[in-house]
Amino acid sequence: MSPAISSIPLDIVPKTGPRVSFELRFAVWCMTRILIQVNRSSDLRCIGHCLEFFQPKSVRYHSECQRELTDNSIFCDVKDIYFLAFPNDPLRNKFFVYGVYVLELVQTGIVAVTFFRAFGTGFGDYAFLDQIGPSWFSIPILSGLVAFLADIFYAYRISVLAESYWVAGSVVFLAITQLAGSIAQGVEMQQVGLFSGLLGTQFKVATAFWNGGSALCDVIIAVCMAFYLTRRGSELGMPSTQRLLRRVVTLIIGSGAATASIAILNFDVSDSDLDTMSIALDALIFATAWGHVLLAPYTKVEESFNLHATHDVLMYGVGRDNLHKYDHFTFPGAVPRTFIGSILLAWLSRPAIQVAALMGLYRDKSDLQIIVRLVLATLNALTLALIRRGASRRFGRTTGLFFTLLTCSQFHLPFWMGRTIPNMFATIPVNLVTYLLIDHAPNATRPSERKLTWAVALLTSTAAIIRAEVALLLAPLALQLLYSRQLPFSKLLKVGILSGIISAGMSILVDSYFWQQWPIWPEFTGIYFNVVQGKSSEWGVSPWHTYIASYLPKLLLASLPLSFIGLITDQRRIIPLLFPPACFVALISNLGHKEWRFVVYVVPLFNVAAARGARWMVSRRKNALLGRLAFLVACGLVVLNVAFTSLSTIASMKNYPGGEALLTFHQLYSESDISPAPHVHISNLAAQTGASLFLQLNSPPYYRVPGNPHSGYVTAEDWRYNKTENIPLAALSSSDNAFTHLISESPPSQLDGNIWKSVKTIKGFDRWSIDWELLLRGSKGGEKLDLMKRLNLRQILRLVESEKLWILERDEVTS
């Protein structure tokens, strides 16, 4: 999954000044070369993992060897890990791995010589730095060749895992495309001889094919390998193998995101005027959203209404005869919610499910949950890509680049935009409004009246149907439009009333039908319950400054300080942009009950302002210390985003014990191994942390794809899943309930040991723990450690887990 890293045209006579642009480009080029070597090591390590991941003994031996090497030094050599882990590997695999290693070794040597000439013998001589030298071979051709070999290997693995050649064929095609582009660029570099001569259209076309093919290939490989390995891992009952597969999936997605980002970065610094960079940036947004879905495929209680409503629409349809089977009649929640978003999501998911079935990706109901979440994530990612394009058009391409980097490196919005909470349905039209507001030419003073009309209509409809708090965002925007005379009062009033009546009427008609109550308007009911009656305080009351002091810093991360810089440096354009979200936060802070998801709609707007601030920082002259510091700070803030998001994502992957428990339960008991059919009780904690209806694999309803009789798995005897709450522990053991299994949040010691026996324990995330003794004193348990062990992040930072759920079985049940 290595990228094809393009050489960066270090033109001596750029538009922004010779010395400044040159230093910036050369610094990026040096940083890129370092990142290449890191990611090449990741590629080889992934290869070592994947070649034998179906062999448990080899996997365990590999883990032991890797642990032994990493304990001795944090700079362990990948070839040594591979040699110790897989001594009996076939000769062709050894030739492949060592061949890639030799190519990288040669490339590293040539790059080291080039660095010595640049910073040693030729230091300070810009004419000397303009010479391409052996870089025409080391950068494009060797990088493209290694990328081609790694991509072909992954294409082979995908064809084996998927038992299909569709995806593998597209990877091979893109791999050949990027290899051809890299060779073409290498040949042109060798003929020109100077970086300043790489300004023609032919060079830009070669760069586009090289980096575009590489970035798209990275995205496809990361998503597909993560999906197929996750699905194959669920078929294996060995916990050690599953843990290893999760590590491999994390490594693949992380390496793929890093290499794709480097390829996209090269687009920007190469001054390519083609639209390929725009496509690559959009692909990174989509890949980030999909990656979060695949890394954490389970859901929590906040998502249950819309998730189960989507499940019921898919399984039962919308006919009146099947409405009584819907889950919301059993678990209605505190207030009714609209079905409109779930109906649209279910209908949009049907074509995706058919495509997945044709490609062999649909196996059982758990795959449906992933597909549904991927569709929702795609819709949200599409709106973010539109905002990115609008920001690029209004503020410049660099602003669009930083918007993408800041958005993808944040945690909450990318992680949750594939989750079926009502707010993630509302972000789709709100993001479209953001796009309409910023998408106009740089010299234009305001959007067109038509765009503003659509913006008001969308916000009004969203507040009336999905989330009423969006009205608090509409109010300051409407006042701003009236004050600046961008929209006449009569038209604003007409659009607001008309769209409000139509939207409210639609919600009343649809939701009254599905709730079997007349009339019912979910958002009006929610306002009455939470605001008028003040019942939201039953879920907790926070101080007025919670959004400003706690939630916004967590949501925005580095975008918070950067947005202030953007506000100061471009007041004319950023103040009108941030006025509505700032007023929205101030207004909603008056409500006692506060959650981060109530203000998530403002994140893209602040990211646009932050990207504008980052652009100002990186465009400072680099011949001054302040300019260099500004460049480093802007890049460092993005790196800090990535570090925080990585830790949060790892923790979140371990934070769904209910889904993990139900999946483990199906692995422990297959249909042919147990009789009679199990009757399992799912505890409250398990139901709240992932045990959704989609994971009840062995009970109806089953989804069959039209025209595909082999889609969907149907058991011979239906299992029973019970989620009844507040059953006393003694009643669980009673013969009246006849439960054969429990997924219990109470430890086995609190239940009758003569009736129940523990089969499996499920752990979950507690906290991150820092070994301060090792970090500050360099010792552990009184033993002084060397510098290499002190720098080992795994020893300093440790994820702490505790037992959350227990899978219990009645003694008389035999497997």
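Just so you know, glycine gets a Cβ as well, placed from its N, Cα and C.
According to TrEMBL, the transmembrane segment annotation covers 95-116, 165-187, 207-228, 248-267, 279-298, 368-387, 452-483, 495-515, 544-567, 574-592, 598-618, 625-644 (among others). The domain 'DUF6534' annotation in TrEMBL covers 214-267.
Annotation: stretch 574-592 has the most Cβ pairs under 8 Å to the transmembrane segment (452-483), among 207-228, 279-298, 574-592, 598-618. Within the chain carrying the transmembrane segment (279-298), a Cβ under 8 angstroms from the stretch's Cβ atoms is held by residues 211-212, 215-216, 219, 222-223, 226-227, 230, 249-250, 253, 256-257, 260-261, 263-264, 267, 366, 369-370, 373-374, 377-378, 380-382, 384-385, 388-389, 400-401, 404, 407-408, 414-415, 417-418, 649, 652-653, 655-656, 658-660, 689-690, 692, 695, all 6 or more beyond its ends. Residues 406, 409-413, 574-575, 578, 585, 588-590, 594-596, 599-600, 602-603, 606-607, 609-614, 616-617, 634, 637-638, 640-641, 644-645 of the same chain lie 6+ residues outside the transmembrane segment (544-567) yet bring a C-beta within less than 8 angstroms of a C-beta in it. If you look at the transmembrane segment (368-387), the same-chain residues 6 or more away from its ends with a CB under 8 A from one of its CBs are 227, 281-282, 285-286, 288-290, 292-294, 297, 299, 307, 310-311, 314, 345-346, 348-349, 352-353, 356, 361-362, 403, 407, 417-420, 424-425, 427-428, 431-432, 434-435, 438-439, 604, 608, 692, 694-695, 703. As a whole-number mean, the pLDDT of the domain 'DUF6534' (214-267) in this prediction is 64.
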